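Enquirer: Feature list, courtesy of Swiss-Prot:
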- G191, G193, K194, T195: ATP binding site (BINDING)
- 116-125: compositional bias 'Basic residues' (COMPBIAS)
- 135-146: compositional bias 'Basic and acidic residues' (COMPBIAS)
- 1-83: region 'Domain I, interacts with DnaA modulators' (REGION)
- 83-146: region 'Domain II' (REGION)
- 110-146: region 'Disordered' (REGION)
- 147-364: region 'Domain III, AAA+ region' (REGION)
- 365-484: region 'Domain IV, binds dsDNA' (REGION)
Amino acid sequence: MQPPSQDWASLLPAAWSEARQILRKKCGSRTFESWLKSLMLADFDSQKKIIRLACPSEFMANWISSHLSDELLLAWRTVWPGIAEVKVSVRNPESQPLLLDVTEIELPLGDQPRPLPKKPAKKKQSVPATPKSTSPEKKAEGEDQNQFEERYNFDNFVVGKANDLAYRAACTFAEGGKLDFNPLFLYGGTGLGKTHLMHAVGIEYLKRHPNSTALYMSAEKFMYDFVASMRAKDTHSFKARLRSADLLMIDDVQFIAGKDSTQEEFFHTMNEVITAGRRLVISADRSPQDLERIESRILSRLSWGLVADVNPADFELRLNIILKKLEAMPQVSMPEDIVFFLAKRICTNVRELEGALNRVVAYATLSNRPINMDFVTETLADLLRTTQQRVTVEDIQKRVCDHYHLKLADMSSKRRDRVIARPRQVAMYLSKQLTSRSLPEIGQRFGGRDHTTVIHAIRQIEKLRITDEDVDSDVRLLMRQFEG
């Protein structure tokens, strides 16, 4: 099969992004999160106009093909009328997804993704429709008000030590009062809640200021719209649309790295918004000083405001996230040990944790099976293999020894003096929290100790985390290193 031409390849990511938005609206958030969110763009046959998508398991591939094939094809054809067929198959773990670098190119003529027709904004409960008593330019901006997803609000955002600063900053920014900082720069890894906070800012800001306008877009869409406006020789409309917003939010700004003309426009847009006293929220996957191939003047401007990091969720935060999600599912009966198991084992990011929970609930509902440990380990086999490979008892021992300045042999030695015994207990505790090893297996890796010794160590650390701030701080720091 011939690979797609550069023109086709350049358009596919944006087309898939638009199709995903259509699918979310058409199928509903729950169906999208459970079945469609994990789909990846695997291949494209430019001759036969066939899109191939990949998912994690055969069960998912069969279910999607049986129940959602029409929706998939309709979504793609809405964005790209020439598509003939959409196929879903199991992802090959040894192959890479179709990674496409969207560069600043002119869009090809002819059969290509067409822009979706603009529709009047529909009023949502949490987001006002087009602002009242505004200028014509403001009314045009109102078309973008419906971009905020209601479920991404402050009430649904679970707060913990990992995201407390970012949450408080976002709340302050959304109030709309006098600002001591502008822009607000949120950074952190994938799936930790940056986009959730940005949507929450938009929803809350418009709720408090119904006559104001807010605009959220990804940096990818910023570039795509900018290139399209240059091709249409109508950059004025593009600039006016962004710079007239009272609140402008650009997500994943690292996407414009190395794209000179887009960075030029981004800088002037950012400068205009801040100078005019309007609000600007930017997000990225790393801090400003760690962003590469971004102009220094942009990085300097970003650093003027408040820079807040969103860290990986610790065990307690993950546990609270699951409990919060289950509150909205009163029909679901999930045993406590399963809740703790999910919080311990799915620690990559919040998005993966929520996806795992949705998958368990959806599969249990469809198969009419009880949610027990056998069912969960079977349903999440792919995710659990990944997390098991990430952290081993040996990894934990090495990290604990580095933290307490001990030798690795101390983890297996018979020495019982406190300077060694306490870190060894911490390592046993972390081994139980972060791996799937049984108590006897953990004991074997600590010099052949009995499982009762491991139980004693776990209980000791659990007690000390309540009464000793230093121990609790050490444990939190070590867990965060593994979960980041």
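These residue numbers are counts, starting from 1, taken along the chain as shown.
Backbone N, Cα and C define each Cβ position, glycine as well.
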Enquirer: Only counting partners 6 or more residues apart, tell me which same-chain residues put their Cβ under 8 Å from the Cβ of T195 (ATP binding site).
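Expert: In sequence order, Y152, D251, S283 meet the Cβ cut-off.
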Enquirer: Within 10 Å of its Cβ, which one of these binding-site residues (G191, G193) has the largest number of other Cβ atoms?
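Expert: Counting Cβ neighbours within 10 Å, the top one is G193.
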Enquirer: Which ones in the same chain are close to K194 (ATP binding site), with CB under 8 Å and 6+ residues apart in sequence?
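Expert: For K194 (ATP binding site), the qualifying residues are A166, L186, Y187, G188, D251, S283, V310.
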Enquirer: Note the Cβ centroid of G191, G193, K194, T195, the recorded ATP site, then list each other residue of that chain whose Cβ lies within 8 Å of it, in sequence.
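Expert: Everything else in range on the chain: G188, T190, L192, H196, L197, S283, V310, V350, R351.
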Enquirer: Could you give the mean pLDDT over the region 'Domain III, AAA+ region' (147-364), rounded to a whole number?
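Expert: Across the region 'Domain III, AAA+ region' (147-364), the average pLDDT comes out at 91.
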Enquirer: Provide the three-state DSSP residue tally for the region 'Domain IV, binds dsDNA' (365-484): helix first, then strand, then coil.
Expert: 91 helix, 0 strand, 29 coil
